[in-house]
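Note sheet for the following structure.
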Amino acid sequence: MNLAIIGSTGFLGRQALIVIKKLKKDFNIFALACEKNIKLLAQQAKEYKPRYLVVYDANQYKNFKNNFFFSGVKIVGNEDGLLEIVSHPEVDGVLFLASGTDSLNALILTIKKRKKIALASKELIVAFGQFIFYLAKKEKVEILPIDSELVAFHLLLNQYGNNEVKKFFLTASGGAIFNYQKNLNQITVKEVLSHPIWKMGKKITVDSATLINKIFEIVEVSHFFDTEIKKIDILIHPQGIIHGLIENNNGIVYGMFSEPDMKIFISYALLKMINKDYDFLDKRLKNFPFNLNLLKPNKKLFPALKLLKYLEKNSSTPAVLVGADEIAVENFLKGKLKFREIVKLIEKTLKAHKKIYNPNLNQLIQAKNWAKRYAQELITNKRL
């Protein structure tokens, strides 16, 4: 299978390339795409020898074209470059691994071209999930998850059936703040980025610490598995071994347990693309048995939980959440916003938004962009 990877230089992209190298009998890397990390993209091009390279940031695309050349490789840029690779007749499947929503149109085109899809871009799913999954259903295209929790549910539901599920339980490690002993008003960017379990990109690590990541995942689960938000709960699980639990109507709870290694979940999604089952034998749990904890999240420690009351699946509010969070995390990483102000900013933005029910794609895009502008104005005018 020929693959295009959008977000090849990010954490998930790098992990995916390691997996694909091991599965080289089944997969060939046809195209690699990144936003800005052109040095790493060049290294990946030398090692994996794709036919296409895409840089979708305009300035970095110019730099890349001016400084790098690879024999037999076509270099394309901007959104047009993404559209070219996903629609290429020789591309069989696309991995959407980049954070943010820049690859929205590429995803839409991939669905319309009825390619195989594995999707990890949280912001895309949360902001535009109602449109994306409606289109996928219409085109009879399955979108496979890559996130550990979503893969856990995919595996469990394949085994035990969606009709019988009474409750989905997402697990969260608690991030850097779960065992933080000092005043959270003083926590630094460096401390927040020190995740105890997972090695991830900066934005998702901040989202993990605030628990916004789990709020995102509640919306993701509702779309991937066509369920109601109220049927999804969050449990704190510091060890990172249990990736998801489902309770059926008989009260029986099933769970997926594995090492916290993203290569496991990427492998599962890739092999599902070619209708093969993943063999977990090479990733057996270490130091088994061990003590595991499942705790109800502390609402004072994780005020992001109160944001759930603003969210409705078929409305514009998830898009607003994504836009406001993008600005909040961006400013926090720059030192312009305190950690405890992230959720405050998002809540103020959600409160100010005039909710639209059953919005079309354009309305979702407008809602997200409005949220970004409004949140930035709150910061600039110091109205938190």
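The backbone N, Cα and C atoms fix where each Cβ goes, and this holds for glycine too.
Per TrEMBL, domain '1-deoxy-D-xylulose 5-phosphate reductoisomerase N-terminal' is recorded for 3-129. DSSP assignment over the domain '1-deoxy-D-xylulose 5-phosphate reductoisomerase N-terminal' (3-129) gives 59 helix, 27 strand, 41 coil.
Within 10 Å of the C-beta atom of K36 (NADPH binding site) sit 16 other C-beta atoms, taking all shown protein chains into account. Under the heading NADPH binding site, TrEMBL lists T9, G10, K36, N37, E123, G201.
The 1-deoxy-D-xylulose 5-phosphate binding site annotation in TrEMBL covers K122, S148, E149, S173, H195, S208, N213, K214, E217. Around the Cβ of E149 (1-deoxy-D-xylulose 5-phosphate binding site), 25 further Cβ atoms fall within 10 Å across all displayed protein chains. According to DSSP, E149 (1-deoxy-D-xylulose 5-phosphate binding site) sits within a helical segment.
Per DSSP, the secondary structure of the domain '1-deoxy-D-xylulose 5-phosphate reductoisomerase C-terminal' (143-225) breaks down as 45 helix, 11 strand, 27 coil. Look at TrEMBL and you will find 143-225 tagged as domain '1-deoxy-D-xylulose 5-phosphate reductoisomerase C-terminal'.
Taken from TrEMBL, the feature Mn(2+) binding site applies to D147, E149, E217. Counting only same-chain residues six or more apart in sequence, the Cβ atoms lying under 8 angstroms from the Cβ of E217 (1-deoxy-D-xylulose 5-phosphate binding site) belong to K122, D147, E149, L150, L170.
Among the features that TrEMBL reports, domain 'DXP reductoisomerase C-terminal' is placed at 258-373. In terms of DSSP secondary structure, the domain 'DXP reductoisomerase C-terminal' (258-373) contains 66 helix, 3 strand, 47 coil.
Each of the binding-site residues G10, G201 was assessed for Cβ neighbours inside 10 Å, and the highest tally belongs to G10. The 10 Å shell around the Cβ of N213 (1-deoxy-D-xylulose 5-phosphate binding site) contains 24 further Cβ atoms across the protein chains shown. Cα spacing between H195 (1-deoxy-D-xylulose 5-phosphate binding site) and G201 (NADPH binding site): 10 Å, rounded to the nearest whole number.
When the Cα positions of K122, S148, E149, S173, H195, S208, N213, K214, E217 are compared pair by pair, the longest gap among these 1-deoxy-D-xylulose 5-phosphate-binding residues is 19 Å.
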